[in-house]
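Chemist: This is the structure, below, for whatever I ask next.
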Amino acid sequence: MALRARAIYDFRAENPGEVSLRESEVLSLCSEQDIEGWLEGVNSRGERGLFPASYVEVVRGEPAAPPPPPPALGDSRYANLPTGGYEPAQPFQSVAAPHLGLAFQPRAPSLGYQTSQPSDDDWDDEWDDSSSTAAEEPAGPTCGTYSGGYHDYEGSGSSRFRLSTRSDLPPGPYSTSASSQAPGKGSATVSRNLNRFSAFVKSGGEAFVLGEAAGFVRDGDKLCLVQGPDGPEWQENPYPFRCNIDEPTKQTKFKGIKSYISYRLLPSHTGLQVHRRYKHFDWLYARLLYKFPVVSVPRIPEKQATGRFEEDFISKRRKGLVWWMDHMCSHPVLARCDAFQHFLTCTDDKAWKQGKRKCERDDLVGANFFLTLSLSPGSPVLDPHDVDGRLDGFKAFTKRMDEGVLLLSQTAGEFARKQASGFKKEYQKVGLAVRGLGQAFEMDHMAFSAGLNRAMAFTGEAYEAIGEMFAEQPRQDLDPIMDLLAVYQGHLANFPDIIHVQRGSLTKVRESKKQVEEGKLELQKASEIQERCNVISYATLAEIHHFHKIRVRDFKSQMQHFLQQQICFFQKVTLKLEEALQKYDVA
């Protein structure tokens, strides 16, 4: 029987070798083995190519269904990935759409993420010497070797303890599940997903829900979820801060053989400046993606092999990094992450290497990340049907927002191009025509016409100047709008995987309830699964709430800036025209 899969999200192909998918579309798989997060198959339109494994679920034992008819022209599709400027996988090269001010890297999957640009992003300098002999802290036990499920306190005042959701513990007063009993009725377990490439599995959500996560959690690693007036929220960072990024400078090493751009970072909570290269941002971004399965990590600007030292590219990349930094500092979870704080505060080479390796040995990633989440006392258990409804509403919202963002980005890009070329040329044509007529008038050699001739010449120059003003104006108003839209295209591309993790946990709850009804699973174990699912539901809804909060803040601020710049621009144009008008009063 041919291997088949069903698309659970829309996917729009961006690069050669990829194929687009529609939600609920049935595909034929060439192989069930993924290529670092990508599968190869044929869609219902007969197109063959690669697509993210997390966007489909493998279908087994169902009769083949005829392919659905192609959509009518004008159908609106939900684009989970932006139309330009992202780099979803290597070796397929990203092509940045000209209308986008920025381009960003995808959340997942990625082929060879760290090594796509050795000239700019390899770790080969004094900040990360793999042969360093700097002392390192001993690595703590990992979830692969830890087999206990009990609390391991280091004293009554300890800030470090051991948590586990594992269900294969030896019997005893510290056991949290009944799976240690002899096999028989009531000792069954909820089955694991057949699709081992889904976001629910790869993120660690399945392992956590099924009670297979175990790790050490410090007090400083705990993240609290609270019930706010609009639903679950992340507990706010008690020590908010901001960080400026400026002064990009070209640096060299190896006696000038290799060059790179260094950015100055100035965090407000330390007041100490640090300098970081793009590869440092790239390393941090990869660590954050690996650690936080239900957090929308903002995208960093794309890598570029050529033109890295051109002024326009440096300026555009800096603007992208400023947006990235703003969203990082604004997030209650990301802002307090140890890796991010190390990135912002470390000024010593040796300490940087030690801290970097410590972050790379972090146990609290994937499934173990969920161990750090806790609900505030008195938090109610969320109704799965209500959570499902809210997710459906958010999915509909993001679909419309994605379409609106794409349309506005394309429209703004087209308008900016018209201003930079078309409008400029048209105003210059008017100016030249007026000046030409004024030059013709000068041939009359009449003294009383000299004032008119000067006024005509000034009017022509005014229109030429207005043309130049139109060409420069997009940098002040339209470009910032497009930069913001590109940032949110990255966030919109992150949420399908986040929602898939939560939906997968709800599926496990339904399976556990069914097994309880059939007498195959103990009620206590099903309750534990539901409790862990409730944690994921809180985290997912909290992330959605944070997204809406910063969305309102960002678009309100940016639209105000846009309109202020538009008003200022047309006031300048008006002043220029009024100045030309006054010339005729004295002509």
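Just so you know, glycine gets a Cβ as well, placed from its N, Cα and C.
Caution: TrEMBL annotation is automatic and unverified by curators.
Under the heading compositional bias 'Acidic residues', TrEMBL lists 119-129. If you look up TrEMBL, you'll see 156-167, 174-189 marked as compositional bias 'Polar residues'. Annotation comment: TrEMBL describes 1-61 as domain 'SH3'. What TrEMBL lists as domain 'PX' is 241-351. For 61-91, 109-189, the entry in TrEMBL reads region 'Disordered'.
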Chemist: DSSP-wise, what's the residue breakdown of the domain 'PX' (241-351) into helix, strand and coil?
Modeler: 48 helix, 26 strand, 37 coil
Chemist: Determine the mean pLDDT over the domain 'SH3' (1-61), rounding to the nearest whole number.
Modeler: 84
Chemist: So, by DSSP, how many helix, strand and coil residues make up the domain 'SH3' (1-61)?
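Modeler: Across the domain 'SH3' (1-61), the residues distribute as 3 helix, 26 strand, 32 coil.
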